[in-house]
Structures are given as C-alpha cells and as structure tokens.
C-alpha cells in the first residue's frame, strides 16, 4: 500500500480518537454544565458561552497558524494542538467557571494549529488525482467519532433526568483517555515534504521570524482574492451549521420534555445519527471520488444544501422556539414532538455537512496547491468566526431565528461556492484547449 495513503489512514484514526472525545463533549456540554450548576450554586459556567470563547480564539489564532507551522511543520503542530483538546476534557473533572473559560480559550488556540496542520498534511499526502478520495476517507474516519462517544453517552445517560457527578466523571474520564490515544496516532505520522512552490520558497528564502511573517503575508494576500472572498461566504455557513448541529440541536432535543419520557438519553442517539450521515457521506465521496469529480463539486454541495433545508424545515415544525435554553414543556406545530423526526433531521444535518466539507477540502487541496497552508488557515478562520458568532447568539435568539439565519446564509454560501467551482471549470477547459492546440502544432 502506498505510504502516503497509509499516512492518510493514520491521520484519520488520530483525529477520530481525539474528536470522539471532543465532539461527544460538545454534544453534551450544555447538559453536563446544567447538571453541575444544579449541584453547585457557585458554578455559573454556560456551555454556549464556553464554545463561543473557544471559536473566538480559534478564529483569531488562525492568522498565526501558518507562521507556527512554518516553524514546527504540520506533524508537531497537530500533536501540540491535540494536547489542548485533552486539557479541555480534564477541566470538567474540576468544575470551575473561570477554569472552563480559560480552557476554552486555550483550546481555541490549539484548534487553529491542529486543523491548519491537518489540512497541510492532507495536501502533502495528495495529488490532484487523489485529493477527493483522500478528503472523503479522512472525513469518514473523522466522523466515526460520532458513533463511539455518543453510543457510550447514550447508555450512560439512559433513564436519567439529572446527570450525577459519578456518571459525569466516568464519561469525562473515558473520553480523556480516548483523546490521549488519538495523540499517540498523530505522533506516529511520518514527515511528508511539500510540493507547493510557495512553501518551498518560504523554506529556501526565509528563516526564523522572516519565515513566519512571510507565511502570514501569503495568507493575507490569498484572502483578498476574488475567489477566496466568495468561498468565505460558503466557509461562513459551514461554521454556523457546525455550531448548530454540534451544540444547539442536541441540547434543544434534550430540553424538549414532551419529545420522550427521558429526553436526555436521546441526545446520544442524535450524535450517532449525525455521525451516520457524516460517515456515509465521507465514505461515499471517498470511494466514488473518480466518478463524483467527473461531474464537479457543485452538484454535491447543492445536494447538501437541499438536505439541510429539509432538516431545518422539519426542526421548525418539530421543536419549540424556547428549546435551546432550558427544559421546556412548550410545543411547536407537532404535538407531541416526534423523536423519530428529530433523528432523521440529525442524519440529514450530518450528511449535508459531509457534502459541504468534503468538497471544500477537495477544492482547497486541489485548486490552491501553491499555498495550502494559507488556504486551510483561512477556511478555519472564517468557519470559526461564524461558529463563535453562532454560539454567542445561541444564548439569546430563539430556535426559529437561528433556523432563519441558517437558511439565508446557507443559500448565499451555496451560490458562492457554485460560482467559484464554475470559474475553476472554465479555467481547466481553457488549459485543456491550450494544451491540445500546442500538441496539434
């Protein structure tokens, strides 16, 4: 088996274990913190605020991530960054409002170098022919994390209306160990040389602080291009929908008292259904990459858009407006709310997210080959800005306003992505015509 493909598999397993811990924690954080607050009156930590701080620092530090990676390389950056995920998990064993928010900020810093390092390493292990396949396989492995952690949570939270300290500590302890296992996989990755012209220029002509400043300058220059500005609208939407399905949607179901006799246990099933959609989408686009790339990335993104719109409509009909905040007996248009419909929505949210993200990865790794570090850093910057904004307004806006925001930004983001994809298609056709003319001569 080709060594680069083996490294993609190791990369995928490393992220799978780290994010088995983190994505499960995001899914249950609001529920966990509310349980802690019921036992400890001095604890004022809020799940949405914690995640907003995380993504705020994530967004700001993405501008420095290319400079950090220019010093360390993507492998070291991923190991250092993944360690902050483990630190974040451990803080839940020692409930403190200040500690929670500080750990969220530190994780935001670590997440920026983790994801920029991941995108850079993925690009180094891929060619224009294999980037779609590798992106799909990585995404499928990553989203397997939605199964194991949430399945464990489902069984631990069964028949519980309040998550007691013993259950919390068991769940957090197991998730921390799993995150450490992921770091071990990332540490096992081999060095992969860069094929990017600008990366090689950076290494050959710049050293020390000059290297870091040059990487930052390249990222800023790339951000100001027409294509990247248009793509930023699509990136922004992926951040909003990420924060919705990873933090708001599951909590809203857990707070809707009439959806089941013990709605808290459904939160774990929601995470599993999102994971099924993510893995199916990533695996499908990875295995059939040669066929899907023939038709372009735009049909896949449009399909993801349609799935998300259907999920938002069903969520609007199924869940009450007050669901994101605290336990409620309110109802929406369905009385009683349907747990089955909620799980279908979770699957569609996951599958639609896979459609968007696999094609974004494919475009960044395949079309921005001369500056993959900057491209992935800008993607994560824009995405995390959107996620931070979303988690801030999630504490204040009702569910219906949040859904309206997602519909509007989803439409704009999809149109923007399609415009850029069509632009790249035109460029490739012109290049092919030019090559054919040259050969004819």
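Each Cβ is built from the backbone N, Cα and C atoms, and glycine gets one as well.
Annotated range for transmembrane segment in TrEMBL, selecting from 11-28, 29-46, 47-64: 47-64. Only pairs six or more apart in sequence are counted, and the transmembrane segment (266-288) with the transmembrane segment (135-157) gives three or more Cβ pairs under 8 Å, enough to call it a contact. Against the transmembrane segment (339-361), stretch 229-254 has more CB pairs under 8 A than any other of 100-123, 135-157, 169-189, 229-254, 399-424.
At the 8 Å Cβ cutoff, the transmembrane segment (100-123) and the transmembrane segment (399-424) share fewer than 3 close pairs (sequence separation 6 or more) and do not count as touching. Just going by CB pairs under 8 A, the stretch in 47-64, 135-157, 229-254, 373-393, 399-424 that sits most against the transmembrane segment (300-319) is 399-424. Note: the stretches the transmembrane segment (229-254) and the transmembrane segment (135-157) are not in contact (fewer than 3 CB pairs below 8 A, sequence gap of 6 or more). If one looks beyond the transmembrane segment (47-64) by at least 6 residues along the same chain, the residues whose Cβ comes under 8 Å of a Cβ in the stretch are 26, 29-34, 100-101, 104-109, 111-113, 116, 216, 219-220, 239, 243, 247-248, 251, 377-378, 380-382, 384-385, 387-388, 391-392, 394-395. Listed as Cβ neighbours of the transmembrane segment (135-157) (distance under 8 Å, sequence separation of 6 or more from its ends, same chain) are residues 8-9, 11-13, 15-25, 27-28, 122, 126, 163, 167, 170-171, 174-175, 178, 264-265, 267-272, 274-276, 278-279, 281-287, 289, 350, 354, 357-358, 361-362, 365.
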